[in-house]
Ligand code: WTA
């Protein structure tokens, strides 16, 4: 175990033997109270998934018209709840009010500067209705795509639900992406409108958003309208006819907007994520199955009760914010804290101050944040009363056992079950996770599959692996929350997820299952990096670099990083320019401009050649070793000629 706080290696989790049973008093009150109860449910669903989802789908969503067929599976295309009509915004709002939660807070908002708002279900319903009418007033119709590029404010949730209410398909773009990335997404989706804000708050400064959208819209011919929320009071440029203030549209809009009854399979949203090839994939989720999966998994994994206060720290720019800030918790009637800003602003105890202030009971964050908290020191935690906490969750990457133990002891006071949740943009919601009242946890393991999830680990030979044998993580049966495709690219969908292992969904991760039936995720099988829990494609970064006139060729790899999990290291061959520090900085800025700040390389090394196999493939494993072993420092950190090394290692690739 080489790393104290850093990246989890295979080594650190191969030897993990500790077992933490759910506290007895927790289990006694839990929805699912014991391992036996979990196993019985899991077996029941596995034996007849269609029967289980038929009943659950009927009981837990609102139906304008009932469905006539639970599952239509024409591999690899699934249709769930065929013939039914529902609406995700209705399930999140109208249904909650009808069940008596009208005055219950849906959102407890804390802005970074300290401004706060409590929004009840009835108030949220009115805002969403008004906003849906505002969209209609601009001519946005069912099936139209709408991009959203906003700070983490309640209006972001209003925008998503407003689209869902009228059947417009939202495509949320994380605020860290560049104008180029926004334009690519607008064009791929054919977005007719974009919703943004003047700026958002980040560490006390205004992070401009509208200005970036203005740049993007120069290259987004399909976008006719831009709605602008005033969050910070930044001066913005204005294009008459195209740009509309949020508040003006809202002032004119009626509070009456019945939810459109939508087919179960009507597209709900597209969310772009990185894959192994250059272009980000528009992952498509549809209405009923996704909504049900988000709700059910939220209730199971967090053991949610009506009096809980739930806080997921994710931004709605990522799938976690879709499923576990918006659709899951709201369709379960939860009270959700939303915080706009940075965890260390104004002080490093901001998160714990929020937990204490709102008496948060269910808390969901990412390992990269936990590693930062550890580094900042326990004194920031100890200032606050965290006794309201009941369940702690993590998502986005594996959590190394040391960070797990710190979360357990220092945040959870050894009292709160930790749910390490494995899932993906594609899966729509959590797939692997402990149920907090039923499954004993092992630090670093996402433990067992949720009911309805049938994982299979498959070796390179196509056979199922035995205990402790590593292989490709696949899923054997369709589930309601699964992606329905890649926007506009059916072939890529079949190819990426369904071609390598026949009949099973290929997740793209390696995993092993131990003798107790606990799963350990061991990282990606493809060229996807996980930087602070964010998915990045090495090829996307390489394409950005070679689009710079000075660059002949580039190779990007991940290297272990104490806080981010992985950092981006790139090896660059120049055409003729001199390898200067100024150029290094320029290339970093160039990647920022092409993709966004989140993809900016941490290290850039100049080199005269890249190690390749005889067939011309870059030897990434060798580059990864080099990137991990040496720090890139100073002006002249060019790589020595490693052709000798390369030839020594050629057999490996
Ligand atoms: C990784 C985020 C280990 C994994 C919800 C997956 C994890 C990718 C975990 C999906 C976890 C996510 N343990 N690895 N608990 N959660 N991952 O699409 O490699 O942004 O394939 O979805 O993150 O990232 P995405």
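Here the Cβ of each residue, glycine as well, is placed from N, Cα and C on the backbone.
The annotation domain 'Acetyl-coenzyme A synthetase N-terminal' is assigned in TrEMBL to 38-92.
Mean pLDDT across the domain 'AMP-dependent synthetase/ligase' (97-487) comes to 97 in this model. Look at TrEMBL and you will find 97-487 tagged as domain 'AMP-dependent synthetase/ligase'.
Residues or ranges marked as CoA binding site by TrEMBL: 202, 203, 204, 205, 320, 532, 592. If you draw a 10 Å sphere around the CB of residue 320 (CoA binding site), it holds 26 other CB atoms from the protein chains shown.
Counted within 10 Å of its Cβ, the other Cβ atoms near residue 396 (ATP binding site) come to 23, all protein chains included. Here TrEMBL flags 396, 397, 398, 420, 421, 422, 423, 424, 425, 509, 524, 535 as ATP binding site.
Under the heading domain 'AMP-binding enzyme C-terminal', TrEMBL lists 540-617.
Following the DSSP three-state reduction, the secondary structure of residue 548 (Mg(2+) binding site) is coil. Residues annotated as Mg(2+) binding site in TrEMBL: 546, 548, 551.
Per TrEMBL, N6-acetyllysine is recorded for 617. Residue 617 (N6-acetyllysine) carries neither a helix nor a strand DSSP state and counts as coil.
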Integer Å distance between the CA atoms belonging to residue 546 (Mg(2+) binding site) and residue 396 (ATP binding site): 29
Residue 546 (Mg(2+) binding site) and residue 617 (N6-acetyllysine), distance between Cα atoms, whole Å: 17
In sequence order, those binding-site residues of 203, 532, 592 whose CB lies under 6 Å from ligand 1: none
Binding-site residues (204, 398), the one with most neighbouring Cβ atoms at 10 Å: 398
Greatest C-beta neighbour count within 10 angstroms, which of the binding-site residues 202, 548: 548
Where residue 396 (ATP binding site) falls in three-state DSSP terms: coil
Residue distribution over DSSP helix, strand and coil in the domain 'Acetyl-coenzyme A synthetase N-terminal' (38-92): 27 helix, 15 strand, 13 coil
